[in-house]
Amino acid sequence: MKIVNITTQVESIELKTPFKTALRQTSHVEFVRVEVECDNGFVGIGEASATKVITGEDIYIILTSIASVEELFLNLTCEEALGALHTKCAIGSSAKASLDIAFVHLLSQEAKKPLYEYFGATDKSALKSDITISLNEADVMLNDAKKAFSNGMDILKIKVGSDILHAIDIVRKIAKELPECDILVDANQAWSFENTVLFIENMLNTPIKLIEQPVEAPNLDGLKKITELSHIPILADEAVFTLKDAKKVIEEKCADMINIKLMKCGGVSKAIEILEFARNREFKCMLGSMLEGPYSINMALHLAFAYRDVIEFVDLDSPLLYKEMPKELDFVFDGCEIKPL
């Protein structure tokens, strides 16, 4: 089975409401879809989301990156293509992820297995994802949280910004109003060390499951100090792109957990390397995503079922934020629960 053609197209999906974080705001998910065709008629599909503020890649960069390397993969097997992608291609992590996802999709077809079985999953019982509550005015965020809970969502990821008093206020309000919910707080690098400590001190009587990337990604010393003093688990996100990053954070105890995203690490094969490293060290992870298209989310969901012993939290809620639920998924969402079709 050899690769004979690679095509790309730009896609956009409208969201129910604007998605707001400390880093960006958007009303649509924009991504590049990649189709890789083999000589036996099999087609592998991958996607790359445009999240320039995090990965440095916009739609144009993703398209030109893929175009610059696609001829390298023609007439190669998918195994050969994966090897070439990760050893010979100096392109961004999201562009790389789109090709990696497509190649792995083809390998699962060649093996005649659904993706979760190809990854080694044996337990198909439901998983649970969080849902994101976008950064907004406190009353809007509280209303959004209540609405999410009424729709069966009981794991809430609260996006907060640099205004630490607003963050303290809204997290307390949501936790008080919705005591049945698990609360995850995501600062997206917006806080200083001092404000992070202030937030933690103000959460002594508020049950929080984790704080995600409170300080800027390069500040691993600060992140480590916060992890040491915090009674709330600390999750590293933007600080961890590659296996090398993950090893450093885990081995130097800079955080209690790491967030693995296909768009950060360069695809599903690289995510597996990080998950295997974490599994061998009994270190828990979140499997997360950017705002992404349905095929890349679908791939991550399959992976989540295979590594449920390592993955403490699933943050793959993009389809729940779309204006319309996509038909491309191999899973069904029932509130927070995710089940294979």
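Using the three backbone atoms N, Cα and C, a Cβ is placed for every residue, glycine included.
The Mg(2+) site recorded in Swiss-Prot includes D186, E212, and the single candidate from D154, D163, D237 that the record places there is D237.
What Swiss-Prot records for the substrate site is K157, I158, K159, K261, D315, L316, D317, and among T132, T242 the residue it adds there is T132. Remark: L316 (substrate binding site) has S129, L287, G288, S289, I297, A300, L301, A304, I338 as non-local neighbours, by Cβ distance under 8 Å and separation of at least 6 in sequence. Neighbour density at the Cβ, taken as the number of other Cβ atoms within 10 Å, is lowest among the binding-site residues K157, K261 for K157.
For E212 (Mg(2+) binding site), the nearest neighbour among the binding-site residues T132, K157, K261, judged by Cα separation, is K157. D237 (Mg(2+) binding site) carries neither a helix nor a strand DSSP state and counts as coil.
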